[in-house]
Amino acid sequence: MSASSTAEVPFTAKTKVGRITDFVDQRVGGSGILREFGRKVFPDHWSFMFGEVALYSFVILLMSGTFLTFFFDPSMAETHYSGSYTPLYNVEMSVAYNSSLNISFDIRGGLFFRQVHHWAALLFVASLGVHMLRVFFTGAFRKPREMNWVVGGVLLILAMAEGFTGYSLPDDLLSGNGLRIIDGVIKSIPVIGTYISFFLFGGEFPGTAIIGRLYVLHILLVPAMILLMIVIHLFMVVVHKHTQYPGPGRNDGNVVGYPLGPVYAAKAGGFFFIVFGVVALMAAMFTINPIWNYGPYDPSPVSAGTQPDWYIGFVDGALRLMPGVVNDFHFEYIIFGHVLTLNVLLPALVPAGIIFTVLFTYPWIERWITKDDREHHVLDRPRNAPTRTAIGVAGFTWYCVMWAAAGSDLIATHFHVALNDVTYWLRALFFLGPVFAFIVTKRVALALQRKDREIALHGRETGRIVRLPHGEFIEVHAPLNDYKQYRLVGFESPVPLPAEPNEHGVVTRKEKRRAALSRWFFEDRVAPATPAELAAAHSHGHHEAIESGDEQRTLSH
Amino acid sequence: MKALSQKRRHPLAAIALLLLGLLVTGGLYAVATTVNQAKADTTTASASDVSEGGKLFAANCATCHGMGASGSKDAPSLVGVGAAAVDFQVGTGRMPMQMNGPQAQEKPRQFNDQQTQQLAAYVASLGAGPAIPDASLLDANGDAAKGGELFRTNCAMCHNAAAAGGALTRGKFAPALAGVTPQHIYEAMSTGPQNMPVFNDANISPEGKRDIITFLKKIEANGSPGGADLGSLGPVSEGLFVWVAGLGVIIAFTIWLTSRTS
């Protein structure tokens, strides 16, 4: 071999740092990992960064949370406050609340860390939610990423659980009221509800065990599960590679973007500090969860404006929307000595159940309807999948109605309207809002598609009016460049897939249902301008001949 | 001057001008609204106060409350409501009422201290009722911790644990308590204005009321130890803030970070 002469001389680094690096590399194989990961290409788009925000928020949570565990005592033993916040001096309270107050007022940097922890928690769940909305509306959950979508959904539930257990730990009036509501929801579960409640609280609510138990869940079990899910999630991201928005030169077989090293690593590393900086600024300047205002937990008082943190808000809102009685119709029954309180059970569990069931199964629902078994690495622009976008907005609207209902009292006081009217309107919107949102969104998406088609065919309106020699006025349309043109025409527009017979030559009822759904999904469509249409539009100025490129149903302009 | 005129077409000039305008307008408004704040004081009533109060009542209140404050179909009788009720309702501008509605709104007061006192003396002369509290109960020097406990048990369900106010049914509401004078707080507890229940001396002793006032004044003076309080409205304003400001700033950064490519 020609390399034999050089192979005899072993490589020795010139500097001390180099020698240490080489020593480590020969044992760990770091350069191989770096070569593999450093070349990993990630596409660049602002909407791809919400997952990163969630990850960084979680890192901030781990760090600030560790600080808090040094000083927090999850005991429900009784004590009398003797710290420096005088409006609570000598008030009887639990050790947990006492230590939370001490963190806030008597431990250097304690209040800042508490606020960092809480703001980061709100941001963690918010960025997770926005990330999932981005994934949904761009169709990034399609093959091969269905399972990663499910992992993301599990992460959302875990994040909510982590948030709620943390919200309950300080044992102030607000968190105790929150626990009381959860206790009520658990007790409304038929037959086993009371048993679960007694098991969870170690007896009748509130007992003396719950804070310690929630603490273990909050700092050990749930974060460990979140960490595991994050590892699985990121592993799958590496395996699948990142999706990309449609553009020239981008297809399902490539990824166009920057390599991880050095550009992306630097950007991502910097972005961590940006997120940390934003959270730290919020924590330094804005109060969050002022537990000293609420006082120690006592089952008798309930403060006005008692709400859960935002991510549990939709469940609280659903509970607020549920009527206790409608005229003379009650929602509470006694069956064989067991109380069935549907006015708690239905709103607490059904909307959340529907949201998460649809969320987890949606990739398979769409896959079944479209019979699309191909891998997708190029994203859909939301307008190019009008029905999916409309479904997403309808679901989001439903969520937002319940979310708003959790703040119904504040809507009433701040907009000077009657609380009852707010509730009645939101009850109506609970049923009508999603339908309305679906119709409007679908129409908007189709209209945007038609606008895209118009621009692709006739170019951009320049606003320049030109008078021709024979007196006619026309507006000059400037043709798009190829990149912009591609964005407007380079997308798939599936047509409804009619029912097909199976291998026995039978069209099953299930298949007919699928075909009906496929029709519902795709019958309203605006086809992208074909090359022939583009050529026709650009060669002569007569637009009318190719004006209506819509297939299937004619869509009026 | 030359430098200024050269910069006038700077892209940020319009924004700077806008900010300056807003700042000036807001500053002037803030000054104008704080100049005219009312101060309450009590002196003992005399016979002339009662007769002057009677005249003021006949001219301003009798339309709804009836001659001799005996009430009408529009408004209740005021016999026996006491001087405290008049001092609260008139002293906070709730009476004379601005308009019919779920409850009387606070507004700039219509009568000065002397007139309010005369009206109070007149109504008090019609029948025994809660008197204007003694100044020794209004010094806000009681036990704040005890007052806090009383407040959380008796008041927080409507007025919010941080006294930021809250909603009641059908357009009624419990107002925020920041900036309310100790005298008006005490009178509200002893007379139960609008939709508020009466907390008589058997319910909450005068010392207890003093403690509550102490607590309220203390948390007001303390301010918010953790920074801006976002209205002390709890998790709703916090959630709104993280979604709008927190995520908003972060989205701005993501756009900046990815702006130089493709």
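First residue shown is number 1, and so on along the chain.
Glycine is no exception: its Cβ is also placed from the backbone N, Cα and C atoms.
All TrEMBL annotations are machine predictions without curation.
Residues or ranges marked as domain 'Cytochrome b/b6 N-terminal region profile' in TrEMBL: A:20-246.
Here TrEMBL flags A:53-72 (among others) as transmembrane segment.
TrEMBL lists A:118-137 (among others) with the feature transmembrane segment.
Feature annotation from TrEMBL assigns transmembrane segment to A:149-169 (among others). Sequence-distant neighbours of the transmembrane segment (A:149-169) (same chain, 6+ residues past either end, Cβ-Cβ under 8 Å): 72, 74, 96, 100, 117-118, 121, 124-125, 128-129, 131-132, 135, 140-141, 175-176, 178-179, 182, 210-211, 214-215, 217-218, 222-223, 225-226, 229-230, 232-233, 236, 289, 308-309, 311-312, 356, 359-360, 362-363.
Annotation source TrEMBL lists transmembrane segment at A:215-239 (among others).
Among the features that TrEMBL reports, transmembrane segment is placed at A:271-292 (among others).
The transmembrane segment feature in TrEMBL is assigned to A:344-365 (among others).
Here TrEMBL flags A:385-404 (among others) as transmembrane segment.
What TrEMBL records for A:424-441 (among others) is transmembrane segment.
Sequence annotations record features per position, and here TrEMBL assigns region 'Disordered' to A:534-557.
What TrEMBL lists as compositional bias 'Basic and acidic residues' is A:542-557.
Between the transmembrane segment (A:215-239) and the stretches A:53-72, A:271-292, A:344-365, A:385-404, A:424-441, it is A:53-72 that has the most C-beta pairs under 8 angstroms.
Counting same-chain residues at least six beyond the ends of the transmembrane segment (A:271-292), those with a Cβ under 8 angstroms from any Cβ of the stretch are 49, 52-53, 56-57, 59-60, 85, 87-88, 97, 100-101, 104-105, 112-116, 118-120, 122-123, 167, 170, 172, 174.
Taking Cβ pairs closer than 8 Å, the transmembrane segment (A:385-404) reaches residues 133, 136-137, 139, 310, 313-315, 317-318, 321, 351, 355, 358, 366, 411, 426, 429-430, 433-439, 441-442, 445-446, 449, 520-522, 524-525 in its own chain, all 6 or more past its ends. Outside the transmembrane segment (A:344-365), and at least 6 residues removed from its termini, the chain residues within Cβ reach (under 8 Å) are 132, 136, 141-142, 145-146, 149-150, 153, 157, 184-185, 188-190, 314-315, 318-319, 321-322, 331, 395, 398-399, 402.
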